[in-house]
């Protein structure tokens, strides 16, 4: 019986719909597609390393500053959104999966948007809030018996999904620029301190003569 149960559980995991796992469009993280962000992503992990190397060789601080200027200002850095294909939008299958699973985790901003739209359509949704790994998450519960027009409801979910995508893109763009700014301000501060120390040493040498 134990072997049979484990076999059934194993098959069940393989039969699980993609929406219920990692391909859930509500869980996917969308990033800015501007040229600046695309070029900055592979460079980002090197910023703290170059800062540490700069303590021994200040040239690395200059490299950080040049990369900051070239990637964050010289390159086009206007927000660009992910080109969503039709099959990437939550459809009827995803909507049914939501109602069957009762709850799905979504961002607080998206939950607020859906709540406002549902108030306009006189539908009564119940919101559940749970915590995962110590971080609060928002959950949406939709009762299909209270929805009269499926097409209208699907449009509302898609609109909320677009709001979520826009939020993700803006957040990723701002976070990447903030990371570059923080590390390069540290590099600039290191160069200033080194310059002051060099000037101080030169003045001391002149006085000693």
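Yeah, the Cβs are placed from backbone N, Cα and C, and that goes for glycine too.
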Phosphoserine per Swiss-Prot (candidates: 7, 125, 131):
125
Annotated stretch (transmembrane segment, per Swiss-Prot) among the listed ranges 50-70, 71-91, 92-112:
50-70
Of 164-184, 185-205, which range does Swiss-Prot call transmembrane segment?
185-205
If I look at Swiss-Prot, which residue among 123, 138 would I find recorded as phosphoserine?
123
Over the topological domain 'Cytoplasmic' (71-184), what is the model's average pLDDT?
67
